[in-house]
Structure formats: structure tokens, C-alpha cells
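In what follows, a single structure is set out as C-alpha cells and then discussed.
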Amino acid sequence: MRVGVYPGSFDPITKGHLDLIERAASKFDKVIVAVLININKKGMFSIEERVNLIEKCVAKYNNVEVKSFNGLLIDFVRKEKADVIIKGLRSVTDFEYEFQMALMNRELANEVETVFMVTSPNYSYISSSAIKQVASFSGEIKNFVPKEIVEDLEERIISLRGEG
């Protein structure tokens with residue numbers, strides 16, 4: 001059984017993330033979306049909320065699970081008995097960083113491979129950070145995030161602005 005782990009903050013999940021999850025789900029027996037708990041970062045959504053939002057988006061896939069983790073990614077991958085780390089690449093800059101991380105993970109666990117998946121061109125400019133910035137200035141975000149979470153994101157933006 002081929003198990004892939006797709007790690008990230010997903011704050012919020014984007015159409016680019018979902019595209020990668022869908023494509024990975026067609027290539028692996030099981031895909032675990034691993035939501036990173038980063039205590040040094042104040043997210044827009046709590047870890048539990050991010051897991052729930054992603055679960056809404058991937059509910060139609062029988063072979064996709066969503067879990068949170070903290071600590072080393074490689075420890076989580078081993079615990080889940082996965083053999084592949086899935087990483088999305090939007091640019092050469094992404095590759096340079098992810099290549100270094102893949103080498104480090106390979107050194108820590110040579111039985112685990114890193115698979116790079118190139119982002120679909122129509123999503124290559126989308127990032128969670130950019131979406132948060134657009135939303136903070138009342139910009140339209142529905143073209144950037146899965147339809148299942150547009151309302152959740154809009155409600156959160158309103159509450160953060162103190163309008164709700």
C-alpha cells in the first residue's frame with residue numbers, strides 16, 4: 001500500500017492545495033493531509049478549525065485523511081507508516097527550499113521518498129498568505145479557495161475586522 005503524506009499549514013486551504021490533494025489521491029492508495037501545528041505562528045484558524053475545513057473539502061475522497069501533527073515531519077511520516085512525502089512546487093524558489101528539506105528528510109529516514117508535484121498553472125500564483133492579504137482588504141477570495149470554505153473564510157475575516 002502506497003501512503004503519501006502532504007504536509008502544510010493550510011491556513012487556509014487553497015484551490016491549489018486541493019488540486020494537489022486530488023491529483024495525489026489518484027496516485028496513492030492513501031493520502032494523509034498533515035496539518036502542521038506551529039506554536040510560533042498565530043494562524044487565522046486554529047489547528048482544529050483547519051482540520052475541519054480541509055475535511056469539508058476532501059469529504060468525497062475515500063482515500064484521503066486529515067490529521068494534525070507537531071514536531072518533525074519525518075517522525076509523523078514514520079508513525080503513519082507512510083513511504084512518501086508529497087510536496088507541491090509553484091516556482092523555482094519553492095524547489096530550492098523543498099529540495100534542501102527533502103535531502104534532510106532523506107538523511108533522517110532513507111526509506112522515505114519525497115515526491116514533487118508541480119502546481120497546475122492556473123493555481124501557481126495562489127498562496128494562503130496572498131489570500132489572507134486580499135481578504136483583509138475586503139477583496140474577493142472565492143476564486144482562490146474551495147467553494148466548501150468560502151463562507152467560513154468570509155465570516156472569519158469579518159470577525160477579525162470587528163465587523164461581526
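Including glycine, each Cβ sits where the backbone N, Cα and C put it.
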Note to self: Based on Swiss-Prot, name the residue from Ser9, Ser26 that is recorded for the same substrate site as Lys41, Leu73, Lys87.
What the structure shows: Ser9
Next item on the list: Determine the C-alpha span of the ATP site listed in the record, that is the greatest distance between any two of Ser9, Phe10, His17, Gly88, Leu89, Arg90, Glu98, Tyr123, Ser124, Tyr125, Ile126, Ser127, Ser128, Ser129, in Å to the nearest whole number.
Entry: 18
Notebook entry, point to check: If one measures from the C-alpha of Ser9 (substrate binding site) to the C-alpha of Glu98 (ATP binding site), what distance in angstrom results, rounded to a whole number?
Noted result: 15
Check: Near the Cβ of Glu98 (ATP binding site), how many other Cβ atoms are there if near means within 10 Å?
Finding: 16
